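First up is the structure itself, then whatever we jot down about it.
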Amino acid sequence: MTAPHKVAFPARCAVNICYDKHLCSQVFPAGIPVEGFFEGMVELFDADLKRKGFDGVALPAGSYELHKINGVRLDINKSLDELGVQDGNTLVLVPRVAGESFEPQYESLSTGLAAMGKWLGRDGGDRMFAPVTSLTAAHTAMAIIAMAVGVVLALTLRTRTITDSPVPAAMAGGIGVLLVIGALVVWWGWRERRDLFSGFGWLAVVLLAVAAACAPPGALGAAHALIGLVVVVLGAITIGVATRKRWQTAVVTAVVTVCGILAAVAAVRMFRPVSMQVLAICVLVGLLVLIRMTPTVALWVARVRPPHFGSITGRDLFARRAGMPVDTVAPVSEADADDEDNELTDITARGTAIAASARLVNAVQVGMCVGVSLVLPAAVWGVLTPRQPWAWLALLVAGLTVGLFITQGRGFAAKYQAVALVCGASAAVCAGVLKYALDTPKGVQTGLLWPAIFVAAFAALGLAVALVVPATRFRPIIRLTVEWLEVLAMIALLPAAAALGGLFAWLRH
């Protein structure tokens, strides 16, 4: 025996329509905007009047509007339910006039509160005052765990700087293992709760990295930092591969970029006592190289292969041979093609695969741009040396790098990459101004007035550029000039950085 089918009817509202000396009862849907059926209603009303021998509606259907019986206009963009129209109400069809639309008024507080609650909860929840749910409780618990992890990290690093005991590393590692177990339980039991898995995973990665850095004996130095950074990189990649979320991929890429740069600096410091300024110069040059390589790295991470050249018959025209580079192809002759390979095959990627690859490429580019922008202010801070013999050259290197970062933003079509680069460059400018202000003698003019004027002028220039550039269509000569200025800045940057870092002096001696 089959269960009876359930039929759902839309909410309706029976009202009286008054026009001139005529009155007609009609039933309208109460849950959709009046605009959807208003003109049809006027046409049907006109046809009904003419069928009964009366004069029809004088004006076209779009020249009328609905009023309440007290003369207040109704907004046809809302439904009858939202307007507070109930069964038996009388509405007046009148020519359209200028004025404000009607907002429903309630004679009692309870009726108004009930109507407001119904409107707020029509999409399944209160959109103004969100209640405490299980998701809220879970996120609050993760925040509490993060606070506890922060306390453990601070105490672990403090204790490790005092003593060479393995207890701090064991304590941080033990708590990190517990968080790893929690992440695995969430992964196996609640696979859809990626938020909890990410929370447990990132906290575990931080704790395990600190434990690995504190485990080797000796005073904390570059070697310990290198070990911890490598653990962070491996843990971040693991989380990114497990979650496969777009925003998670961007975060993982940013973390890997920052930690990779810091790990390279730590590796150099392990073997050579390189000065901070030389390391900062190398980092600035490396950041520019990373920005230029961002599209290539993103395509490599997304495994987007070089284009495939084929004919409309399905036979390959070009193919890669054994021993050839991955980005090169060679012509295919008839003797190389087998008969069974001559079938018509569609080798074009499907739209879903192309969209997934595009999202992954975009996420990787966003992460790399954000990571590079986070490192740029620190690198500029390390390059600048106020009141030193080569201070002007350091200022030139930092200024050229910041300018190249700003111009590189126009090479990205998505907004997040460009915004990240521009914000990183602006933060670098503020960091440079702050370093010069802190290094000058304590005084109102040099320590506050001139830095504040410079920062205000830079902000005003940024505002002017933001207002003019997006709304202006520049001529090709202007765009070509900007490109040539960018090339000249790159040409001037490399010798200046080499001279500032002592490369020419090292080669001469």
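Numbering starts at 1 and runs along the chain as it is shown here.
Each residue, glycine too, has its Cβ placed from N, Cα and C.
Taken from Swiss-Prot, the feature transmembrane segment covers 135-155 (among others). Sequence-distant neighbours of the transmembrane segment (135-155) (same chain, 6+ residues past either end, Cβ-Cβ under 8 Å): 168, 171-172, 175, 179, 193, 195-196, 199-200, 203, 206-207, 210.
Taking Cβ pairs closer than 8 Å, the transmembrane segment (170-190) reaches residues 145, 149, 152-153, 156, 196-197, 200-201, 203-208, 210-212, 214-215, 242 in its own chain, all 6 or more past its ends. The annotation transmembrane segment is assigned in Swiss-Prot to 170-190 (among others) on the grounds of sequence analysis.
Same-chain residues lying 6+ beyond the ends of the transmembrane segment (196-216) with a Cβ under 8 Å from its Cβ atoms: 138, 142, 145-146, 149, 152-153, 156-157, 160, 166, 168-170, 172-173, 175-177, 179-180, 182-183, 186-187, 190, 223-225, 227-229, 231-232, 235-236, 238-239, 242-243, 248. The transmembrane segment annotation in Swiss-Prot covers 196-216 (among others).
The transmembrane segment annotation in Swiss-Prot covers 222-242 (among others).
Here the transmembrane segment (248-268) has Cβ contacts under 8 Å with residues 194, 198, 222-223, 225-226, 229-230, 232-233, 236-237, 239-240, 274, 279, 282-283, 286-287, 290, 301, 360, 363-364, 366-368, 370-372, 374-375 of the same chain, all six or more residues outside its ends. Per Swiss-Prot, transmembrane segment is recorded for 248-268 (among others), and the stated evidence type is sequence analysis.
Distant neighbours of the transmembrane segment (281-301): 253, 257, 261, 264-265, 268, 360-362, 364-365, 368-369, 372, 375-376, 379-380, 382-383, 397-398, 401, 404-405, 408, 417, 421, 490, 493-494, 497, 500-501; these residues of the same chain sit at least 6 beyond its ends, with a Cβ under 8 Å from one of its Cβ atoms. Summarising the annotation, Swiss-Prot assigns transmembrane segment to 281-301 (among others) and lists sequence analysis as the type of evidence.
Annotation comment: Swiss-Prot describes 364-384 (among others) as transmembrane segment, evidence class sequence analysis.
Annotation source Swiss-Prot lists transmembrane segment at 389-409 (among others).
For 418-438 (among others), the entry in Swiss-Prot reads transmembrane segment. For the transmembrane segment (418-438), the list of distant contacts is 291, 366, 369-370, 372-374, 376-381, 384, 386, 395, 398, 401-403, 405-406, 408-410, 412, 446-448, 451, 454-455, 458, 462: same-chain residues at least six beyond its ends, Cβ to Cβ under 8 Å.
The transmembrane segment annotation in Swiss-Prot covers 449-469 (among others).
Residues or ranges marked as transmembrane segment by Swiss-Prot on the basis of sequence analysis: 487-507 (among others). Here the transmembrane segment (487-507) has Cβ contacts under 8 Å with residues 277-278, 281-282, 284-285, 288, 383, 390, 393-394, 396-397, 400-401, 403-404, 407 of the same chain, all six or more residues outside its ends.
Tertiary neighbourhood of the transmembrane segment (364-384): same-chain residues 249-258, 261-262, 276-277, 279-281, 283-284, 287, 290-291, 294-295, 297-298, 301-302, 391, 394-395, 397-398, 401-402, 405, 412, 414, 416-417, 420-421, 423-425, 427-428, 430-432, 435-436, 500, selected by CB-CB distance under 8 Å and a gap of 6+ residues from either end.
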